[in-house]
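Asker: Below are the features listed in Swiss-Prot for this protein:
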DOMAIN    54-159  domain 'Cadherin 1'
DOMAIN    160-268  domain 'Cadherin 2'
DOMAIN    487-612  domain 'Cadherin 5'
CARBOHYD  ASN455  N-linked glycosylation site
CARBOHYD  ASN540  N-linked glycosylation site
MOD_RES   THR791  phosphothreonine
TOPO_DOM  641-796  topological domain 'Cytoplasmic'
Amino acid sequence: MKENYCLQAALVCLSMLYHSQAFALERRSHLHPSFHGHHEKGKEGQVLQRSKRGWVWNQFFVIEEYTGPDPVLVGRLHSDIDSGDGNIKYILSGEGAGTIFVIDDKSGNIHATKTLDREERAQYTLMAQAVDRDTNRPLEPPSEFIVKVQDINDNPPEFLHEIYHANVPERSNVGTSVIQVTASDADDPTYGNSAKLVYSILEGQPYFSVEAQTGIIRTALPNMDREAKEEYHVVIQAKDMGGHMGGLSGTTKVTITLTDVNDNPPKFPQSVYQMSVSEAAVPGEEVGRVKAKDPDIGENGLVTYNIVDGDGIELFEITTDYETQDGVVKLKKPVDFETKRAYSLKIEAANVHIDPKFISNGPFKDTVTVKISVEDADEPPMFLAPSYIHEVQENAAAGTVVGRVHAKDPDAANSPIRYSIDRHTDLDRFFTINPEDGFIKTTKPLDREETAWLNISVFAAEIHNRHQETKVPVAIRVLDVNDNAPKFAAPYEGFICESDHPKALSNQPIVTVSADDQDDTANGPRFIFSLPPEIMHNPNFTVRDNRDNTAGVYARRGGFSRQKQDFYLLPIVISDGGIPPMSSTNTLTIKVCGCDVNGALLSCNAEAYILNAGLSTGALIAILACIVILLVIVVLFVTLRRQKKEPLIVFEEEDVRENIITYDDEGGGEEDTEAFDIATLQNPDGINGFIPRKDIKPEYQYMPRPGLRPAPNSVDVDDFINTRIQEADNDPTAPPYDSIQIYGYEGRGSVAGSLSSLESATTDSDLDYDYLQNWGPRFKKLADLYGSKDTFDDDS
């Protein structure tokens, strides 16, 4: 705005200056004799004439862009033969005569009727002639003169480009030339400073600078790194009037890239491509190809394609085929012929790599327009929603309407639609659908606790073309009703300590219980805990509802004893918050246990009373395990010995040795000299090295219950061994063996002593072995060998 005011003021000043000069010129033409044909009057009005006849005029000037209301007076033509009687007629011809410049044929005044622009035309050449008005006879020969258009500063500087793109190698030295921007001013460079330009940088410091006179942009910082910042935006200003105040200015933007460039940008061979795609095409299908040619090779010839604009930018995409350097246009989303039948894309091809040796070839990219038409196709039905969600109450009767799906044919034919359920998604056939209107109904009552959501798929197909089919997911939520009573959240069990005092454990907390309900939260909490009405005043225990879906069980009294009752069953009623509420009775088992002085549980089994005072549960388990292992070993060994077959031994006299061997095992060989000593079973307390102390009174003593004390361990072992011996003696099928089975524990009062060797039968020893006859068939061989001769003879 300030520059416009300055321009208007300058125009007014120049106009006034011109009129004063024209007036002065006209006066000089009358006063100075240097102008030919000029009349001059003296003070008394006498006309003085020069000796030489001719034109009295000068070179004329007119200011450009004059916008006054009256035509501009350019100058005046006058001949010295003009006496002022009107007989002379002035004629003007030449450039602009009669259109731009007009002359008063009587006075010779020349006016400019149009606004002149020096930038369009700087001067006009005209021809003047004086003729007789009546006869048109030339009175003087034609004379040529020039009208010059005087310049004013009415044109700002203009750059050759609105936006410049330049590249410079990264890490260049300070002062490295980047690019030169050039501006031109249409004003007269020979007149004043209207066309004298000075360049300056408005944006881009401190990275770049510009030479004020040449417009060369240079780097101002060293070691600029492309990896840190690749692109810079610089604004350059060019100002006329030598950069002084009042001058006009113009700006340009320079984008400087710290990267390599190549010398050939890609170019499309044509400006428009025509393509087509069917509305039945699926996303990813190729629509067409475009190709921008780049004469460079290698990495400098690689081209990438992008869709930069267009109404189909969301429906189509373009990829680069690096083998052929083609831009492949593909379908990104389905198109609909009935919605829109044509799309337009603006595709840009750009180089991947830029060569730093060629920085003045401009931007390395090109654009092309691609027009894509959509072809009609028979489309399947289209559901009004991409998915459906319906709700139904659980336990609803068969035939209850769940909801509806709706589809229509998008084609102009608008074919009727038939609906069906994908039975792969409804294997239990919970639902059925009306094929004509799409209403979904139940076929049986549903249970939310089994399945809260049911997901099925519904098909919609054209009645005349079953292949045109569409599927939509339908989610059915089963709404909850209060059909499940709450119950214990876990199998709870309570414990209470024995006590002698009846009030010792009064109000003692025993256990905290919580509940769980399979129904939804709306029909679940808050749970209410209570005792059944019939035992509301239970003398032993009470239930206190904590009002947080838990309840505490407390003892009403003390004096619990395992001898009297070792456990109690407490029924607890739990009600939920549903409408109507449901309840269930749950039984809590409370065991009476032995505790130490601190209340810690020691044992909750009533059988603990029958155990010895100093024997722990771990010791009992160890003893029982040892007994079982020994019994298994004995049974296995006896079984193996019974199955063993040995040849009949023939004793020779020289084989008898004079020694007696004592066998402590059941084995019959000399190598079996070790036996299992089960004497420790006579004292179970000594198994683990623990002997009860008699000098200290135990803190807890178990009182044995009459009639439940087990028999001593020794009796059990005796019975077992004697039973096995009787079975062996009475087995008629058992073959005879030459070895005797010796048991490590033979019972009380065994009359059998040590056996001598076989040689003792032939010695003169007074040993009597007649008792072998009483040992049964297994010892018959020994009885025959060692018996007395009389006995032998009697048997024989």
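Cβ coordinates are placed from backbone N, Cα and C, and glycine is handled just like the others.
Help me understand the surroundings of these features in the structure.
Answerer: Along the domain 'Cadherin 1' (54-159), the predicted structure has mean pLDDT 82.
Per DSSP, the secondary structure of the domain 'Cadherin 2' (160-268) breaks down as 3 helix, 43 strand, 63 coil.
Listed in sequence order, THR425, PRO473, VAL474, ALA475, ILE476 are the same-chain residues at least 6 apart in sequence whose CB falls under 8 Å from the CB of ASN455 (N-linked glycosylation site).
Secondary structure from DSSP puts ASN540 (N-linked glycosylation site) in coil.
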Asker: How many of the residues that make up the domain 'Cadherin 1' (54-159) does DSSP mark as helix, as strand and as coil?
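Answerer: So the domain 'Cadherin 1' (54-159) is made up of 0 helix, 47 strand, 59 coil.
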Asker: Could you put numbers on the helix, strand and coil content of the domain 'Cadherin 5' (487-612), residue by residue per DSSP?
Answerer: 11 helix, 54 strand, 61 coil
Asker: Could you say whether, by DSSP, ASN455 (N-linked glycosylation site) belongs to a helix, a strand or a coil region?
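Answerer: Going by the DSSP assignment, ASN455 (N-linked glycosylation site) falls within a strand, counted as strand.
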Asker: Cβ-Cβ under 8 Å from ASN540 (N-linked glycosylation site), same chain, 6 or more residues apart: which ones?
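Answerer: Within the chain, ASN540 (N-linked glycosylation site) has Cβ neighbours under 8 Å at ALA555, ARG556, ARG557, TYR568, LEU570.
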